[in-house]
Amino acid sequence: MPKEANMASQDYATQRSSLDAQALINDAPLSRYQWLIAIVCFLIVFVDGIDTAAMGFIAPALAQDWGVDRSQLGPVMSAALGGMIIGALVSGPTADRFGRKIVLSMSMLVFGGFTLACAYSTNLDSLVIFRFLTGIGLGAAMPNATTLFSEYCPARIRSLLVTCMFCGYNLGMAIGGFISSWLIPAFGWHSLFLLGGWAPLILMLLVIFFLPESYRFLIVKGKNTKKVRQILSRIAPQKVQGVTEFHVPEEKVEAGTKKGVFGMLFSAKYVKGTVLLWVTYFMGLVMIYLLTSWLPTLMRETGASLERAAFLGGLFQFGGVLSALFIGWAMDRFNPNRIIAGFYLAAGIFAVIVGQSLSNPTLLALFILCAGIAVNGAQSSMPVLSARFYPTQCRATGVAWMSGIGRFGAVFGAWIGAVLLGNNWSFTMILSMLIIPAAAAAIAIFVKSLVAHTDAT
């Protein structure tokens, strides 16, 4: 072995042949194996995005096909969100106890199977039930894919990589809108559910056969050193030769705690950040789900065609894809809380401008895109921020509970849209009202930068 390589190896291994696995990940160049993990996790959140947004794109055609009033669609819009709350709240502690991979596999089976069932619904009652059950799988998949991938990213570019991975969620929502603009008129609303059902079931096979368990989870739980070595040898094989033991930094401080995952979330070290993350995510999802659920319908009310309404809804989601590279890069270099706060504030401003732009179709599309860039960029960065904030022992729970509690904001956003429409609020009035949750999210995450900025890893 060359002298330089031998000296580098000594930086990782102690006299007991114990290797700091996180230091290995941080210092090694990205391997093909890590890119494979990135692709699989990207596809998971991509199909999650398609299925999450499906109801918003289907709603106008469904209302016309079944002859129901738009105000009757509120329960259908909110049903999946209710399931997502349960899925997120249950899956986090489950993943921290049994592993990320098994939770991901089961979540894809659940939301794929019940999305297919939605395609065969014959009334609103059955559709509400199937969308609720779909939501349980959706709520479990996204935070656990984010957690798993973040644990394979080097600290120097973690925010950039995870934000780019997570933009698959926004891309899935956008592609769902673009596809539905021709798929639904050609083949009916059932076709989008069929697409959104088969895709995760096929992807589940990739998860089972190609996605590894989190090496950090295996180390902290004291499980299968041989398996950890096999995983890390596919990332930096020269660094694991002769190593008999692996560790990660925070286990020296946190391992053996009697608090449990919930005790850690609400310990003095994490409680302020936990509450502020929840408030921020809640307010962000009020904005996103009001627009995701009702923007196509609102556009139809202003005279837009079905195809145009679906296109503009997809354009809003596509904005999150465009912002991923910049916001991830900025979070790795500056205070990530303040970067996100700026994006939320910009989202509220652009929402107000969108409400004033109905008379100019070109400007309307441009400002819808800008609003999507701002709010989806901020929201897609929140799981990254949460994963950075919590240690391995409670990371899946921390990310998932932020997602789960935040989903109450999604339910509220979808519900309040139906209420405001039922009370004859105009397009302009509804869009202008969104400055309130935008400002609240910006303030909450800015305060976090002052009182709870520390990263766990």
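Keep in mind that glycine also has a Cβ here, set from the backbone N, Cα and C atoms.
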- request: Return whether the side of the membrane given for LEU298 in Swiss-Prot is the same as that given for LEU450.
  value: no
Message: Six or more residues beyond either end and a Cβ under 8 Å away: which residues meet both conditions relative to the topological domain 'Periplasmic' (123-128)?
response: 66, 68, 72-73, 75-76, 79
Field: the transmembrane segment (73-93) in contact with the transmembrane segment (401-421), cutoff 8 A, at least 3 CB pairs, sep 6+
entry: yes
- request: Mind checking which residues of the chain, 6+ beyond the ends of the transmembrane segment (311-331), have their Cβ under 8 Å from one of its Cβ atoms?
  value: 49, 53, 56-57, 159-164, 166-167, 169-171, 173-178, 180-181, 291-292, 295-296, 299, 304, 339-340, 343, 364-365, 368-381, 384-385
Query: Taking 3+ C-beta pairs under 8 angstroms (sequence gap of 6 or more) as contact, is the transmembrane segment (102-122) in contact with the transmembrane segment (192-212)?
result: yes
Message: For the topological domain 'Periplasmic' (360-363), how many residues does DSSP put in helix, in strand and in coil?
response: 3 helix, 0 strand, 1 coil
- prompt: Which listed range (35-55, 275-295, 364-384) shows the maximal number of Cβ pairs under 8 Å with respect to the transmembrane segment (192-212)?
  reply: 35-55
